[in-house]
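The annotation domain 'Histone acetyl transferase HAT1 N-terminal' is assigned in TrEMBL to 33-195. As annotated by TrEMBL, site 'Interaction with histone H4 N-terminus' applies to Trp207. TrEMBL lists Glu284 with the feature active site, proton donor/acceptor. According to TrEMBL, the feature domain 'Histone acetyltransferase type B catalytic subunit C-terminal' maps to 294-345.
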Amino acid sequence: MTILKKTYISMSFRMYFKRLQWMNPMEKKLAEYKCDTNEAISLKLVRFADDLEDESTTFHPEYSHQLYGDDEVAFGYKGLQIQLYYSAGNLSTLFKVKYSARVTEKFDCVEPDDVEGKIREIIPAGFSCNTDDFTSLLEKETNFKPFGTLLHTYNVHNVEEGEDFTYQIHKVDLSCPGFREYHKRLQTFLMWFIETASFIDVDDDRWDFFLVFEKYNKDGETLFATVGYMTVYNYYVYPDKTRPRVSQMLILPPFQGEGHGAQLLEAVHMFYCNLHKVQDITAEDPSENYVKLRDYVLVKLCQTLPSFSTDKLPLGFSDDMATEAREKFKINKKHARRVYEILRLRVTDMSDETKARDYRLEVKKRLFAPTKKNQREMTKMMKCLRPEELASHISQMDTALQQEELEKSYQELLAEYRRVIERLAQA
């Protein structure tokens, strides 16, 4: 069966199940056996045996379409529960599937989805199916220590607990004993929290790994819990440089919103800053959230540089800014320009009409540059176009529409920049 045909069937089921009043008894019966896979899958990071029954420690996927289709629905079960529990440090895995009822052959040969098989495709061998076996593995967590070399230690104050928690960021390579097996377990989280995630080829030695761990105490012993990680691929740049590109970054849900992403990204920049062979740092197809995080971290770093001083910002973006950002923090020119715009906004009195206009024109000039280039290319193309093609392209060059889109882009950018400035003020 082709993917197209599967999608069509899935859509057909969905439309039918939304219209129960139009269904015959058999269709209604089948509709009861549909489960939202994002709700059915329960994830945990287990530190204590009591966590297994504590609902407050449970979290669910943001996405499950890569395993269960675009509609993120599993068919064939009532009360479906898919449990994927991990020990907090070593990520030893408990995998169990439960349900209250399942379709049988009496439903005209309709078969349930292979929900268990889908999970087995992504989790490595060696997982537990028995709670007692998994609980016994928790006792071995005291033997787990973070992989690699310690880069950075920081504290986060927890308001609810009224105390500081300690975190460590480690740089890891594939030569670390046990890391390959650990990474296979860790990367399974990508499927649930990154929309277009894919597993990487760890046999390529150009990969760098950066991991975040929480340091905590249990019965008087020091243990470590996995918080998140980042993978970076080192591309070759002629003649003797490399360009590290951030591939994947994930802070696990129980730790999100605590500033760990910013700590991790800053630590990674500082690590590569000390390597002469590194040209600059980029990211592969960055998400909107990653761009926001990067803006904050890069502005935080560059605000200390002489070329970005308050007296120089109103003079415009300069080569000195681009050079110093690259040499000090491995920031490329495109990102340095964005940093400049944020810092200039911070020192600009936008209630002053003249200063606000100067800033607006400066930013819009950059935003309009790609459009202007496209117009020049289109002018060249017009000499070769047929009349109907020419009419179509001319409609795309409507000046009023361009101005409207430009203003919209500027206002959206302004809102993004102000959020970065607010976060800086709170840091």
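Including glycine, each Cβ sits where the backbone N, Cα and C put it.
Just so you know, TrEMBL annotations are computer predictions that nobody has curated.
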The domain 'Histone acetyltransferase type B catalytic subunit C-terminal' (294-345): DSSP-derived helix, strand, coil residue counts: 39 helix, 0 strand, 13 coil
Cβ-Cβ distance under 8 Å to Trp207 (site 'Interaction with histone H4 N-terminus'), same chain, at least six residues away: Leu174, Ile200, Thr231, Val232, Tyr233, Asn234
Average model confidence [pLDDT] within the domain 'Histone acetyl transferase HAT1 N-terminal' (33-195): 94
Number of other Cβ atoms within 10 Å of the Cβ of the residue listed as 'active site, proton donor/acceptor' across all protein chains: 13
